[in-house]
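*Asks:* Before I ask anything, let me first share the structure, which is written out below as structure tokens.
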Amino acid sequence: MCLPLTLFLHNFAFADVYQCEQNGHIHYSQTACAANQKQLTHTTITADDTPSKETQQAAKNRYQREKSELKKLEQQRIKEQEKQEKTAAKQIAKSKQQKAACDKAQLQVKWAKEDAKSAAQKSEAKAKLKMQHVKEKAALSCQSN
């Protein structure tokens with residue numbers, strides 16, 4: 001008999017409220033009135049701390065809604081991150097390709113200069129013109145780096 005009563009009482013919160021009067025002033029306390037005070041009322045308040053079915057269902061609904069929203073946000077974040085990584089990878093690949101083209105053009109300029117230096121007088125003008133064309137091509141390849 002004691003155990004069920006104990007379990008029953010466990011769900012309730014108790015509070016004693018005393019209404020006391022002293023010198024025409026009324027005040028409330030959780031302890032009994034002092035000897036020089038007149039006790040007007042004594043009330044024990046009980047409150048069931050178990051949430052109502054409606055409150056419980058509302059909490060479950062809110063939890064499910066927030067869980068769903070969180071899942072959507074996480075999926076959005078992952079999708080955005082993958083998109084950014086893909087864009088960065090494309091940019092890196094493009095940059096490497098431009099650098100390779102620039103390096104190749106610079107090497108051709110170097111070779112054209114060497115050809116112009118070693119060319120005979122007759123072909124020197126032709127070698128210098130070729131070198132100028134290679135320099136212009138290299139400048140175009142390297143301008144975006």
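Using the three backbone atoms N, Cα and C, a Cβ is placed for every residue, glycine included.
So TrEMBL says this about it:
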{"type": "COMPBIAS", "residues": "44-59", "note": "compositional bias 'Polar residues'"}
{"type": "COMPBIAS", "residues": "63-88", "note": "compositional bias 'Basic and acidic residues'"}
{"type": "COMPBIAS", "residues": "89-100", "note": "compositional bias 'Low complexity'"}
{"type": "COMPBIAS", "residues": "116-138", "note": "compositional bias 'Basic and acidic residues'"}
{"type": "DOMAIN", "residues": "6-59", "note": "domain 'DUF4124'"}
{"type": "REGION", "residues": "44-100", "note": "region 'Disordered'"}
{"type": "REGION", "residues": "116-145", "note": "region 'Disordered'"}
*Asks:* Give me the DSSP three-state residue breakdown of the compositional bias 'Polar residues' (44-59), ordered helix, strand, coil.
*Replies:* 7 helix, 5 strand, 4 coil
*Asks:* In the compositional bias 'Basic and acidic residues' (63-88), how many residues does DSSP call helix, how many strand, and how many coil?
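*Replies:* Taking each residue of the compositional bias 'Basic and acidic residues' (63-88) in turn, the totals are 26 helix, 0 strand, 0 coil.
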